[in-house]
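Peer 1: Have a look at this one before I ask anything.
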Amino acid sequence: MEALSQALQPYKELVGNVAGIVTVLQMFSGAFVCNDIRRKGSSDGFSPMPFIGGCGLTILFLQHALLMNDPAMINANVVGFAISVVYSTFFYLYTPRQSKGDFWKQLGMAGALTAAMIGYAQIENPAVVEDRFGMIITVLMLMLIGQPLFGLPEIIRKKSTEGLPFAMILSGTVVGCMWLLYGIILNNTFVILQNLAAISLSGVQLALFVIYPSKDSKKKKQ
């Protein structure tokens, strides 16, 4: 791995910039989900966690990028946070009144967890904080990416992937591949493992779109 990293060093800045650009572009894939919500007239049936979790994770990845002193990651996560805030606000505006309490509950939990992790990064031993913080946010990232799979029983029952953010999953896979390459160049184990795991989880979700249609089969029969 070290030999490959050394061989790719001349392309570090290029790959980092491309990874940052595709990350920002991937953030705009959430617009497809927002458009589906707009057409439906309600966020009912959609989870706010991809957007709320996106706000929290971009803050945590920004903190990790600051620890690594990596400009490409810093820029990507600053823009990513701003876009996630816009999406979360849009989701809230389309959330039915009876569900707004759940939205605020999830937002509060995500905010508290994010604040706790930032606090940890400030008090941890500087010699180990980068690796340990990287491990923590890797687990959190995988939980967020894999969150749609918690609804797998319902997907199987309905034989439909309706409600899963296909554009976000597909674009996330592309982004994961780019950051994996960047992680190899950095020879950073956590960046490599983060993105290998992310690509694997996204691949499982993409496979669901092959197995099941995007619309509820029962609705098609009516």
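Cβ from N, Cα, C; glycine included.
So TrEMBL says this about it:
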{"type": "TRANSMEM", "residues": "14-34", "note": "transmembrane segment"}
{"type": "TRANSMEM", "residues": "46-66", "note": "transmembrane segment"}
{"type": "TRANSMEM", "residues": "72-94", "note": "transmembrane segment"}
{"type": "TRANSMEM", "residues": "106-123", "note": "transmembrane segment"}
{"type": "TRANSMEM", "residues": "135-152", "note": "transmembrane segment"}
{"type": "TRANSMEM", "residues": "164-185", "note": "transmembrane segment"}
{"type": "TRANSMEM", "residues": "191-212", "note": "transmembrane segment"}
Peer 1: Top stretch among 46-66, 72-94, 106-123, 135-152, 191-212 for CB pairs under 8 A with the transmembrane segment (14-34)?
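Peer 2: The stretch with the most contacts is 72-94.
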Peer 1: What residues elsewhere in the chain lie close to the transmembrane segment (106-123), defined as a C-beta under 8 angstroms and at least 6 residues from its ends?
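Peer 2: Counting only partners 6 or more residues beyond its ends, the transmembrane segment (106-123) has Cβ contacts under 8 Å with 48-49, 52-53, 55-56, 59-60, 63, 67, 88, 129, 133, 136-137, 140.
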Peer 1: Thinking of Cβ pairs under 8 Å, which stretch from 46-66, 72-94, 164-185 has the most of them with the transmembrane segment (191-212)?
Peer 2: 164-185
Peer 1: Mind checking which residues reach the transmembrane segment (135-152)? Cβ under 8 Å, same chain, six or more beyond either end.
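Peer 2: Beyond its ends, the transmembrane segment (135-152) has Cβ neighbours at 47, 49-50, 53-54, 56-57, 60-61, 64, 113, 117, 120, 163-165, 169, 172, 190, 193-194, 197-198, 201-202, 204-205, 208.
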